[in-house]
Structure formats: structure tokens, C-alpha cells
Amino acid sequence: MGDAGSERSKAPSLPPRCPCGFWGSSKTMNLCSKCFADFQKKQPDDDSAPSTSNSQSDLFSEETTSDNNNTSITTPTLSPSQQPLPTELNVTSPSKEECGPCTDTAHVSLITPTKRSCGTDSQSENEASPVKRPRLLENTERSEETSRSKQKSRRRCFQCQTKLELVQQELGSCRCGYVFCMLHRLPEQHDCTFDHMGRGREEAIMKMVKLDRKVGRSCQRIGEGCS
């Protein structure tokens, strides 16, 4: 009986307090339920952190070893016979010094003008301008007229110097200004310089009858003229 009373007289022990201020328990490491749950969440992260770092280092080392193996496999050793020769490159690629004079000569040949002689120029001008020919002929005829000497006596033929009578002088006078006998009075016989054909054409044109066309121009009513 005395022991029971002594136990009852003892005060019950209080549970420990959590750092947050709530009551904890010995099962939860003297922490409340919330703090204990947070502690459990943090614990696996702390445990997995070194493991993940170790796994990453292992993977990196494996990748480096695999890369080294691949490079050792893919890089073949070239024999001296397979290596490219420098002479082949020099043959295929033309140098600028060789191409330079070729282009210069081509430009020079294009730029240099062709020289023409004076004879060819005069021939081309004569062929291109046919209108100038009659003028040249007229100039030559005038020079021939001036070169001919004047007839001293009109009683003799200018060609054969035979004596002419008065009737023969009148019949043998030519438009070129000279007097000829009956044998040389025609223009074809004494190389006449006068243009008889041109003069005949001009005279024919002057003698042509010009018609005055009055049909359709005057408008008169019937009976106006009679009145």
C-alpha cells in the first residue's frame, strides 16, 4: 500500500518540446509530426546527392573513354603513296602570272583601231555618194571648154581648117561656139561639149501646155450668168 501511494504521489513526466514550440515524442526524435515529416523528406535528398554526383562522374569518364576509342578507330594512317602531291595541285591551279599577259594582249587587240588607206576611203565615198558624180562631170566639161583654144577665123572649119562659104558658116555653126564644115558639123563628129539632150528636154518642158483645172472650184447657180 505504501508503494502505491508513493507512485501516485510522483508527478507525471512532461513530453519533450519541439524547436518549433509544439510537443514532441521520443518516437519522432523529440520532434512534432510536421517537423519529423520535413526531416524525413530532406534525408533522402541528402543521401542521394553524393550518389548522383558519383554517377555523373562515372558517366563522364565512360564518355571520354568511348570518344578516345572512336577517334583511335576512325583516324586511319595514310601511307606516303596515298598523300596528295603538291605537284598535282600546281598543275590544276593556273597561276595569275601566266593568265595576266593573255588578258592584256586580248584587250590590246580589241582596242587597237584598224588603219585604212586613202584610196579605199575615196573609193567608199564615191560608191556611197552617186549624186556627186554629175557635178564632177560638169566640172570636167568646164575645164575642157576652158582648155580648148578659141576659134581664130570663123571662115574655116575648126576641125579640118577647110574654107567655108557664108551658107556653110551659118549651117555649120554649133551651140558649143565653134564653126564646122558639113563633114564635122554633127555633135558626134566633133566631140561636142554642149548638152543637146538636156537643152531639148528643157525646151520641151517649157513648151508643154498647162491646163487650168477649174472643174469643181466655181459654184454658180443656174441662171446667174444670164441675169
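The backbone N, Cα and C atoms fix where each Cβ goes, and this holds for glycine too.
Quick look at what Swiss-Prot annotates:
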| type | residues | note |
| --- | --- | --- |
| ZN_FING | 12-44 | zinc finger |
| BINDING | Cys18, Cys20, Cys32, Cys35 | Zn(2+) 1 binding site |
| REGION | 41-100 | region 'Disordered' |
| COMPBIAS | 49-59 | compositional bias 'Polar residues' |
| COMPBIAS | 66-77 | compositional bias 'Low complexity' |
| COMPBIAS | 78-94 | compositional bias 'Polar residues' |
| COMPBIAS | 113-127 | compositional bias 'Polar residues' |
| REGION | 113-148 | region 'Disordered' |
| COMPBIAS | 135-148 | compositional bias 'Basic and acidic residues' |
| ZN_FING | 151-200 | zinc finger |
| BINDING | Cys157, Cys160, Cys181, His184 | Zn(2+) 2 binding site |
| BINDING | Cys174, Cys176, His190, Cys192 | Zn(2+) 3 binding site |
DSSP helix, strand and coil counts for the zinc finger (151-200)? 12 helix, 4 strand, 34 coil
Let me know how many other Cβ atoms fall within 10 Å of the Cβ of Cys35 (Zn(2+) 1 binding site). 17
Around the Cβ of Cys176 (Zn(2+) 3 binding site), the count of other Cβ atoms that are within 10 Å: 16
Zn(2+) 1 site shell beyond Cys18, Cys20, Cys32, Cys35, criterion: Cβ within 8 Å of Cβ centroid: Pro19, Gly21, Phe22, Gly24, Leu31, Ser33, Lys34, Phe36
Which residue, of the binding-site residues Cys157, Cys160, has its CB surrounded by the fewest other CB atoms within 10 A? Cys160
Show, in sequence order, which residues other than Cys157, Cys160, Cys181, His184 on the same chain lie with their Cβ within 8 Å of the centre of the Cβ atoms of the Zn(2+) 2 site. Phe158, Gln159, Gln161, Thr162, Gly172, Phe180, Met182, Leu183, Arg185, His190
Name the residue among the binding-site residues Cys20, Cys32, Cys174 whose Cβ has the smallest number of other Cβ atoms within 10 Å. Cys20
In the same chain, which residues outside the set Cys174, Cys176, His190, Cys192 have their CB within 8 A of the centroid of the CB atoms that define the Zn(2+) 3 site? Arg175, Gly177, Tyr178, Phe180, Pro187, Asp191, Thr193, Phe194
What does the structure give for the C-alpha distance between Cys181 (Zn(2+) 2 binding site) and His190 (Zn(2+) 3 binding site)? Integer Å is fine. 10
Taking Cα atoms as reference points, rank the binding-site residues Cys160, His184, His190, Cys192 by distance from Cys32 (Zn(2+) 1 binding site) and give the first. Cys192
Among the binding-site residues listed here (Cys18, Cys20, Cys35, Cys176, Cys192), which has the Cα closest to the Cα of His184 (Zn(2+) 2 binding site)? Cys192
Residues satisfying Cβ distance under 8 Å from Cys18 (Zn(2+) 1 binding site), sequence separation of at least 6: Gly24, Asn30, Leu31, Cys32, Cys35
